[in-house]
Amino acid sequence: MATSMKLACVALVMCMVVIAPMAEAALSCGTVSGDLAPCLTYLQAPNNASPPPPCCAGVKKLLGAATTTPDRQAACNCLKSAAGSISRLNTNNAAALPGKCGVSIPYKISTSTNCNTIKF
């Protein structure tokens, strides 16, 4: 089970690196997935779970790294791609993650988010 989880995580990271929008964004999906790797158990947990401190540290680090509109759009696309790749994803936990970590982002972490509309 642990080996298959590790393999799934490696596959997820590889998919995100290949799919990452390379255009003008300096923020890569590898960075996003590395920052948010500690969040995987929370994202698969039942409703009302609490994210572990390393997860929130990664969320805050990612927020600090995404300083330009292209970076924020790239991070959004990476999050969207990752959300679609996580088996047993609890969409309520994904949407609640920023707030539970004490940060605010102007979009929902979801497979249906239109990342091209992010402008700030």
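Glycine too: its Cβ is placed from the backbone N, Cα and C atoms.
Here is what Swiss-Prot records for this protein:
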- CYS29-CYS78: disulfide bond (DISULFID)
- CYS39-CYS55: disulfide bond (DISULFID)
- CYS56-CYS101: disulfide bond (DISULFID)
- CYS76-CYS115: disulfide bond (DISULFID)
- 1-25: signal peptide (SIGNAL)
CYS29 (disulfide bond) and CYS115 (disulfide bond), distance between Cα atoms, whole Å: 14
Candidate nearest CYS39 (disulfide bond) in space, where candidates are the disulfide-bonded residues CYS29, CYS56, CYS101 and distance is Cα-Cα: CYS56
Top Cα neighbour of CYS101 (disulfide bond) in the set of disulfide-bonded residues CYS29, CYS55, CYS76, CYS78: CYS55
Assigned element (helix, strand, coil) containing CYS101 (disulfide bond), judged by DSSP: coil
Distance from CYS78 (disulfide bond) back to CYS56 (disulfide bond), taken between C-alpha atoms, in Å: 17
